[in-house]
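Here is what TrEMBL records for this protein:
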- B:66-279: domain 'ABC transmembrane type-1' (DOMAIN)
- B:12-36: transmembrane segment (TRANSMEM)
- B:69-91: transmembrane segment (TRANSMEM)
- B:103-123: transmembrane segment (TRANSMEM)
- B:153-177: transmembrane segment (TRANSMEM)
- B:198-220: transmembrane segment (TRANSMEM)
- B:260-282: transmembrane segment (TRANSMEM)
Amino acid sequence: MTRVRIENLVRSYGAHAVLKDISLDIADGEFLVLLGPSGCGKSTLLSAIAGLDQVQAGRILFDDRDVTRLEPSAREIGMVFQSYALYPTMTARANMAFALRVVGASRAEQEERVRWAADLLQIGHLLDRKPGQLSGGQRQRVAIGRSLVRKARLFLFDEPLSNLDAKLRTEMRNEIKALHERLGVTFVFVTHDQIEAMTLATRIAVMDAGVIQQVDTPDEIYRRPATRFVADFVGAPAMSFLEGELVAPDRVRIGENTVAVPDYAWRSAPRTGSVVFGVRPERVSVAPVPGTATVAARLRGIEPHGADTLVWAELSGQRLSARLTPEAAAGLPQSLHLDFEIEGVSLFDPDSGARL
Amino acid sequence: MAITPQATARFVLVPTILLTVVGYYGSILWTIGLSFTPSRILPVSRWAGLDMYERLLSTERWQVAYTNLFVFGGLYIGFCLAAGLLLAIALDQGVKGRSVYQTIFLYPIALSFIVTGLAWRWLLNPTTGLQDYVRSLGFESFSLDLLSSPERAIFTLVIAGVWHSAGLVMVILFAGLQSVDQEIWRAGRVDGIPRHRMYRHVVLPMLWPMVVTCLVLLGMNVVRSYDLVVALTGGGPGFSTDVPAKFIVDHYFERQSVGLASAAATLLLLTVVVLFALVGLLRRRGEAA
């Protein structure tokens, strides 16, 4: 049972700052996902929490205990690595029991802990094999098992699914989620895959360039992204961004068109001036006839995705996409009348990228 | 009929293949054949059965030379592996100026065994080398006289050999250590495994194939150890530091007993074949592990 508190963490390699004054609170029993593109500092942050990477400034607290200078082994953590990092010349059993063996645990205790973890992960029949004789998914299970055998209060996962194929990834994702529910301890999980983040997390911390952009529930991250970066990074197909101008508190002009934003949930009092108008593709629809709320656009292309079809349109010289059912996308005319649902609209400051 | 590129390639290789078959395997077969003849200065083709082998095995000089092969080989390989491994681990720990040390320890490999032998002969010579130097510093009773002692001269070969070859082992094992995934070390730290136990239980077993490679390379040095002996001790005092290769060359070209030398060469070949079969077994066990 561990609460993690990160205070003003700084890590840089020479002149290159990887973590810039990071602060983050992780509640007990939470499944926190660190999400971001490669090089954003998410793995470095995880290494700092694990104690594998020294930080230059700031503190890390586990349940109010300062662990900033503690060795990883003293932090009571379990960690699963991207490459699995199993000891290749040892059997799965020896891999899992090695840490206990080194601290001099009795054979019976080693066997009991390994048995417990193996049952939990259903790898009992693999215990006598070496990593080279296991498939990727089985290795991953053994790696998780190894982290379970020591009594850990906090589990850290460093992109553990990125070396698996798509089907196995879905399977392991479900298993990790079930494991979290079963153990009830705190999980911190690093990934660049937004689907993993959305499906696993109780909260997601989106990182970019060494800064946490937003920490929120997956739903909140998706519906009300705090910055343009978050809006762009999360969501597939991606949000469309159009440059416009706020001409009245409920009106955005985009080129010669005007879009009404009557019920927009403003973060601060609206100020007229240029804005970035972002809209989720699934919240764009095509109206059969022009209405008071529709804007005129030209059809630019159609991408069938199977379950739905992505329609590309041009609005006053700027491109945007609409996610329609294949039926709705069939036989569209060249000139379209688009309708935006206000729930899918986000407005950003063009300079700072912050949500308005 | 058109000539295919493959046919051309085979044709071009014919001289090389002929040279190998005749010059190499042919010579081996001829040597084995000669070992069953009573040839003296020139080869004769009279059958003498195992006479030469009987004479060889009762020759004291051969007994010493054959024993030395294992004494020198065992100590040389053992110390080379130990020293090379320790140096490699030291480098892997991230010593400052790593490339400088690497060059220093690898440098002796660039020297031939002849030069190595001569250098150590001067160094160990009581009247001109280390002993004289230390005495000139005032330690009058200092004595370092390995070369003139029949029991200890063999160790000078070991010292010079290890000095020469430990760097090679270091480089090979260091490359192996560098190729160990950093995440394995990180996993060990999370697991709370002390470094020395990581080396013993995890990293060294991973390096097994490279250790076997070193074993083969060093083993070949032992079998062909001729130049080092000639340059350093000349096989002496007496024939106390003789090795099979030197015994064979001496008997072929100086003592005019081609039959005896051939028998010795055949025995040496047999020994090597057995040893390399053992290494092959070791390698397969490493792969299964």
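Here the Cβ of each residue, glycine as well, is placed from N, Cα and C on the backbone.
Automatic, uncurated: that is what TrEMBL annotation is.
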Stretch of maximal Cβ-Cβ contact with the transmembrane segment (B:260-282) [cut-off: under 8 Å; candidates B:12-36, B:103-123, B:153-177, B:198-220]:
B:12-36
Near the transmembrane segment (B:12-36), which residues from the same chain, at least 6 beyond its ends, have a CB less than 8 A from one of its CBs?
43, 47-50, 52-53, 258-259, 262-263, 265-266, 269
By a Cβ-Cβ criterion of under 8 Å, what residues six or more beyond either terminus of the transmembrane segment (B:198-220) are in contact with it?
73, 76-77, 80-81, 84, 89, 165, 168-169, 172-173, 175-177, 180, 184-185, 188, 275-276, 279, 282-283, 286-287, 289
Could you give the residue numbers and ranges of same-chain residues that sit at least 6 residues beyond the transmembrane segment (B:153-177) on either side and whose C-beta is under 8 angstroms from one of its C-beta atoms?
68, 71-72, 75-76, 79-81, 83-85, 87-89, 91-92, 102, 105-109, 111, 113, 116-117, 119-120, 124, 146-147, 203, 206-207, 210-211, 213-214, 217-218, 221, 225, 228-229, 232-233, 236-237, 240-241
